[in-house]
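Student: Handing you a structure now.
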Amino acid sequence: MAPDIDVQKVSILGKDSIHCGFHLIPYIVRTVLEALPSSTYVLVADSNVANLHLSSFETEFLDKIRQLSTKPRFLSYVILPGETSKSREGKAEIEDFLLLNKCTRDTVILALGGGVIGDLVGFVAATFMRGVRFVQIPTTLLAMVDSSVGGKTAIDTPHGKNLIGAFWQPEYIFIDAAFLETLPAREFSNGMAEVVKTAAIWNEDDFASLESQSAEIFAAIQTPSTNYSGRTVSTRSNAQHLLLSVIVGSISVKAHIVTVDERETGLRNLVNFGHTIGHAIEAVLTPTILHGECVSVGMILEAEVSRQMGVLGQVGVGRLTRCLKAYNLPVSLSDPRIANLPAAKSLTVDNLLDIMRVDKKNSGPQKKIVILSRIGKTYEEKATIVADAIIAKTLSEAVKIIPGRPSKSPIHMATPGSKSISNRALLLAALGKGMCRLRNLLHSDDTQVMMNALVDLKGAKFSWEDGGETLVVEGGGGLLSIPAKGKEIYLGNAGTAARFLATVCTLVQASEQRTVITGNARMKQRPIGPLVTALRANGSSIDYLESQGCLPLSIASAGLKGGHIQLAASVSSQYVSSILLCAPYAQTEVRLELIGGQVISQPYIDMTIAMMKTFGVNVVREKDPATGAFLDVYTIPQMSYVNPSIYNIESDASSATYPLAIAAITGTECTIANIGSASLQGDARFAKEVLEPMGCEVIQTETETTVKGPPVGTLRALGLVDMEPMTDAFLTASVLAAVAVTSPKPGRKLIEGPPNATRIIGIANQRVKECNRIQAMMDQLAKFGIETRELEDGLEIYGKPIIELNEGASIHCYDDHRVAMAFSVLGTVIRDTIIEEKRCVEKTWPNWWDDLENKIGLQVEGVELDHGSSSPSGQETTNSSASVVIVGMRGSGKSYIGQLAASALSWTFLDADPVFEIKHQIGVREFVQKNGWPAFRAAESEILKELLAEHPTKHVISLGGGIVETPTSRDLLKEYSKKGPVVHIVREIDEVIRYLGEETARPAYGEPVIDVFQRRAPWFAECSNYEFINYTGVLHGEQAEAKRSPNSIRKDVARFFGHITGQNPNLAPNVTNGQRSYFLSLTYPDITPALLHVEELTAGVDAIELRVDLLRSPSGSETFGRYIPPSAYVTEQIAALRQKTSLPIVYTIRTISQGGNFPDHAEAEAFELLHSALRIGVEYIDVEITWPSKRIQELLPRKGYSQIIASWHDWSGNLKWVGQTVEEKYQAAAAIGDIVKIVGRANCLEDNFALHAFVQAKMSTFNSKPLLAINMGTEGQISRILNKTLSPVTHPLLPNKAAPGQLSFAQIQSALHLIGQLPTRRFFLFGTPIAHSMSPTLHNTGFRILGLPHQYELFETDSVGEEIKAAIASPDFGGASVTIPFKLDVIPLLDSLSPEAEAIGAVNTIIPLRTDDGSHILHGDNTDWIGILDSVQSRLPAGMHSPETALVIGAGGTSRAAIFALNKLGVEKVYLFNRTAANAQELVVDFPEVNIEVVTRLGAWSSHSPSIIISTVPASATTYDPSKEDALYLPPEIFANSSGGVVVDMAYKPADTPLLQQASKMSNWSVVRGVDVLLEQGFVQFRLWTGRHCPRKAVSEAVWKAYST
Ligand SMILES: NC(=O)c1ccc[n+]([C@@H]2O[C@H](COP(=O)([O-])OP(=O)(O)OC[C@H]3O[C@@H](n4cnc5c(N)ncnc54)[C@H](O)[C@@H]3O)[C@@H](O)[C@H]2O)c1
Ligand SMILES: [Zn+2]
């Protein structure tokens, strides 16, 4: 027999097709079979849902069908769970199933599952056989209240979500709320976001019930129903009733809207509230963050947009925020669930706006947002057009104020209500008799919770007026009843509410039942003991249900007895207020005696008493009859409160200081209502006691305060001011003091201070507020150039004229609302003052920025902070221009490396020693001799502090070796390392000792260097966040120089510092620019033998992988089995590698289970190695996703500008490239990596096609990360050929391959060519005469070595004509070199020029840039100058960073490139010699930024003699024989510079020109031959054309060989 089942029906589009209830399966089956007769029923579910619920459906169907005569078929089909199934492929899969099973037009499809199933199956139904009937059986809350209702069906494509679909209405929608019992809690919350949304746009009552009943609603899904309870109305629990009413309520609204506007032309827009911004967020965070979670944040941001537009009040935003939070949903992008994700980096304002541009709701380019006007109502009955600027302002994390005169002056406004007064007024009005309209109520957690509780206790009724601005309280006169059976009063973490309500609950009318009040975990630890003790002593029965002294409490309903009550009041005045507020309703008159010593916060007790008086109850405080002094004893009459009809809640006095201060500083007028001389708040005295003495006109009545500022710039300093009674206002006073320069009023001036001083005292408690506020003010004021002095209980501020304050200060707010608001006062007069954390004002004045605009009349702009372009996640305030600090042992090369670093970064180098000597007017050595070490160390710390403060950006600061000896300096360094690089220069100790032996400038250690070294080593390590390994003694000694050329160290320094500062991260460009990229795997136990061949081995590749797990130090080579290389050995290997190559390094520790050699469980060791790799600036770190996530999460914030390759390997051969496993691995890796690496094993060729499809799908999604996906084994080789990102390659010279199936770079290129992925291109040299050019040899050799199928040919022609035009237009054109005489003539043929070619005015390289449609545009560049620059730079003598002068001979096209190169090199002056001086003058005009001096005689120098000489004239035209008349005589004086230098002769023939011959004879001079420059510039050309480094060594050899034959 069919069970009894109750359903509630909701109508949509005129039909009662939505049926809701619990445990509906029999009902569903019966209804479907009866109402939708068919030959075939097909149920589709995902595997999660199928596992839980499919069998029940199956049993029921088969059972019922057995009873039918027609015997229809019941089929079921299960698909993979997750959004990826909602695709074209997913749809085809189901269709194939239907076709295979010969389903016909009469088929009924049942979609059992969440929104994914509903959308997908619905779309299948819409198109199968031109549409078949279908039924929605949603199993997630989201699907029940949203996706199943309305008939929208869709699938996703790589271009975006839901882009293809149809409107197709289901025959029935069965809402079985019992399915929610198996739904994960997070999915439930996800659906609640839509429920809250619907209520927020449509129905305030529904919203209010969601607001107050979150705990019960959660409880309803958490307690499983047994025995099908809830199936009938009579078996439904309260919780079930509530849950169903919430769902039905939400569905009804949506059904109504859909019925009115099925095709979304207007009204239906409204359901998109929160979705405009929410979808943009979702596009970035999907799938890690769920739809509802993104919409939740979106709703708050969109509500803030409404608030900003002045349409929605803060109460509305606040209610929405609290309500969403109650359902465990995120409400801001800084929620840790979001902010900690790597993808959160992409949530930039620009990015989000960009995504919003393609929203379906937009009209043209304009964005539309659903604007709330209050809870339950929208501004328009459709989405509203909103300007980008408004959205941008809401989204940005920082703001600035545009200085100016507040346009609303004279301003009349109220500030948000005082929190303490709001809490008291609410309770008083609820307990009072009659209606009371509360105005200016601060809506907070406390008031929200208190309202919910009072409703539960039936103690009062609440409603909102004026769009939420007024709360109407219908007081219950003190009559309270027991809450509904089983209902506990949940107070969250609202402390005041808990204290007040504990006594209120004793007032509940006599009943058998007790009232239970409880809270969250934090609440359950907060004390309430003294209050309970007092109430118990008075006869109330109160039990602790968990810990003694804390909530939850069970309170008997017996009334408050009254009479004499003793209360310990030294912990919290709230206990006192709690009893006072309830006392009038006690059974006998209360005499309250406070005991236990000093009563805390008397002003708050006075406040309660004063407010009780307003509500008609006079409390009498007893006096000592003898002395007349007040006693801590109060008598409260027994009576009812009488509600005033209106109660204006006093404004928060601390908040009021900001608008008043703005009037003061801008010379305008401001009146704050609801706060005056009668106020009980201390900060109400700010106007009279601070602003008036500063020169403002202040008028204060009992209830209002008006301030009129003096003319701008004329505020007076305060002299001495004691702010003890108004400590919170000291920040406001401080910012005014910063611009107060007029001397104080008579009598206030400090006796010993300057006239512009303001000394604030009595505020010591402000050190322990949200932050150390005294320190905070000093630090932030310093950014404006304001000097301050810290005092024991305050600070002193020295004012400056406004125009002298620094503009553009960026204020850090320490998450402290008062810091933010105080500095916005200064921002009204100082341009570009940025308040970095705008949201921190939410604590007390969430709409401060809106009020600044709308009520005060100052424009506020959003500012997006620059977190450094590739933003190293985690480091708090990383700034890519943060100065670099260098530490290390004396003699480790700090100054040398520091100078090289500074020159590479174009930053300023600062050595602490000279700074010290200048400051103290005495040498370091003498200072120590005179004052001793401790004094020196102290002075040194002081200098460190100053250097860091004065040069926060773009400096390289080298510190003394002993700086780490004092804890003060160490702390400074550690602190600094959180925001900028502190680099420890490490050099072998033997080298240091050898070097120090020769050094005398600084004080000797007085102890063995080795001891000093050992003591300091750990300190250096803890103070620094990077390590630069300087293994060679390049400063001194030939031996060292032989080991490493100055050029190699210069390059290494440039690479290292460019990378760690983010100025020029050393990453492989091909990984992100759409080209193919490769890395070579080094699989040696010791890589040093391979170093000789590194160039050859790495030809063509983009990076080198060091397989750390395969390394074995010499001491380890004897052992067998598992081995972990010591960190020092690994570092040494990398340092050695760095001497030979600056290619980025991929640092890989492959574990055994992932196919490597590293023990699987040596987790600590592995991460120690990974951390040390980041310290030494390794560019890519391979992190296996199988490591514990805690370890990985600790590593991520340390990565700086390096990148993580998150990898996963499956050696089993079981990995399928379709399905859930690979999807999960991909998601896990994408969540932590910058690059994802997944490696499987191919068993057959087809496995590679699946891989390829997987990669294509991933790559076409928005914001996808580079993906390295390959199959191992020979069967997998094709995947290695096709893989685009960092394909691992081997080389014939390597001893063994890193993995089976690995190919070489050249092999892959040939293969790509064969399969049509790498077409042959033709390259040319344009010019004449060029028959003897070396360029074809150069490039063709390079192509051959790399396996590239290209061809370079001579193209000799007399003019730039049709032939050249045809060649460069041809589709197979690969690029061209341009030589004499066409370097200028080709320019008109080109589409674009590089800035360098433009500046030089000549092109020697043409590059075809391919466009998406396969055509190309022609780009001109000039590599001559790079050839010159590189040749010169690599040969400069050690220690010569930027040579002072250089000589250029000749004034033709090449000399232009030479001058450009010299300027890039930082040469201060260029002597230019040319036979015809007029031509030389032309160059002077063309290069205005270069200091060129035309010389008429070689050897006569106006200042330094040149250290670089570049000749651009034919060799035959020069001579070193003075007697030769027809040639240019080169006198020996041109080599007068004794430090030596570099000579370049651009002439090719002969190889050794007269100039070079002469130079070779001079000591210290290096020579560069014309062919050397040709090679260098050719290498650059090669890279520009192919994206690959040219194999230099082999190519040079080939060219020189060709040249000499
Ligand atoms: N058509 C519309 O108007 C509309 C509206 C909103 C959202 N959507 C779409 O809905 C989809 C999201 O729906 P969703 O949030 O329901 O996701 P979903 O269908 O992926 O379900 C979420 C997860 O919960 C599991 N699950 C479902 N029911 C369960 C149950 N009773 N017990 C245990 N596990 C269960 C699922 O297997 C899945 O893992 C998106 O594709 C979205 O675009 C459509
Ligand atoms: Zn939605």
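Cβ atoms are placed via backbone N, Cα and C, with glycine included.
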Student: Which single residue out of Glu194, Glu204, Glu380 does TrEMBL record at the Zn(2+) site shared with His275, His291?
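Tutor: Same Zn(2+) site in TrEMBL: Glu194.
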Student: Which numbers of helix, strand and coil residues does DSSP report for the domain 'SDH C-terminal' (1570-1599)?
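Tutor: Helix, strand and coil residues of the domain 'SDH C-terminal' (1570-1599) number 25 helix, 0 strand, 5 coil.
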Student: Within the chain of His291 (7-phospho-2-dehydro-3-deoxy-D-arabino-heptonate binding site), which residues six or more apart in sequence place their C-beta under 8 angstroms from its C-beta?
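Tutor: Counting only residues 6 or more apart in sequence, the Cβ neighbours of His291 (7-phospho-2-dehydro-3-deoxy-D-arabino-heptonate binding site) under 8 Å are Gly115, Leu142, Asn190, Ala193, Gly278, Glu282.
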Student: Report, as a single number, how many Cβ atoms besides its own are within 10 Å of the Cβ of Cys840 (active site, for EPSP synthase activity).
Tutor: 20
Student: Rounded to a whole number, how many Å is the Cα of Cys840 (active site, for EPSP synthase activity) away from the Cα of Val196 (7-phospho-2-dehydro-3-deoxy-D-arabino-heptonate binding site)?
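Tutor: Cα to Cα, Cys840 (active site, for EPSP synthase activity) and Val196 (7-phospho-2-dehydro-3-deoxy-D-arabino-heptonate binding site) are separated by 25 Å.
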Student: Can you tell me the CA-to-CA distance separating Asn162 (7-phospho-2-dehydro-3-deoxy-D-arabino-heptonate binding site) and His1209 (active site, proton acceptor), as a whole number of Å?
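Tutor: Roughly 33 Å, rounded to the nearest whole number.
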Student: Return the residues near Lys1237 (active site, schiff-base intermediate with substrate) by Cβ distance under 8 Å, restricted to its own chain and a separation of at least 6 in sequence.
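Tutor: Set apart from Lys1237 (active site, schiff-base intermediate with substrate) by at least 6 residues yet with Cβ under 8 Å, we have Asp1182, Ile1205, Ala1206, Ser1207, Trp1208, Ala1229, Leu1267, Leu1268, Ala1269, Leu1286.
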Student: The domain 'SDH C-terminal' (1570-1599): mean pLDDT?
Tutor: 93
Student: When the Cβ positions of the recorded positions Arg130, Glu264, Val271 are compared with the atoms of ligand 1, which fall under 6 Å?
Tutor: none
Student: Fill in the CA-CA distance, Val271 (7-phospho-2-dehydro-3-deoxy-D-arabino-heptonate binding site) to Glu264 (active site, proton acceptor), as an integer in Å.
Tutor: 10
Student: Which of these binding-site residues has the least crowded Cβ, counting other Cβ atoms within 10 Å: Val196, Val271?
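Tutor: Output over binding-site residues Val196, Val271: least Cβ neighbours within 10 Å is Val271.
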Student: Which of Arg130, Arg268 has the fewest nearby Cβ atoms, counting only those within 10 Å, among these binding-site residues?
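Tutor: Sparsest of the binding-site residues Arg130, Arg268 by Cβ contacts within 10 Å: Arg130.
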Student: Closest to Val196 (7-phospho-2-dehydro-3-deoxy-D-arabino-heptonate binding site): which of the active-site residues Glu264, His279, His1209, going by Cα position?
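Tutor: For Val196 (7-phospho-2-dehydro-3-deoxy-D-arabino-heptonate binding site), the spatially nearest of the active-site residues is His279.
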Student: If you run the three-state DSSP split on Glu264 (active site, proton acceptor), which class comes out?
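Tutor: Note: Glu264 (active site, proton acceptor) is coil by DSSP, not helix or strand.
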Student: Roughly how many angstrom lie between the C-alpha atoms of Arg268 (7-phospho-2-dehydro-3-deoxy-D-arabino-heptonate binding site) and His1209 (active site, proton acceptor)?
Tutor: 48
Student: Expressed to the nearest Å, what is the distance separating His279 (active site, proton acceptor) and Glu264 (active site, proton acceptor) at their Cα atoms?
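Tutor: Cα of His279 (active site, proton acceptor) to Cα of Glu264 (active site, proton acceptor) measures 17 Å after rounding.
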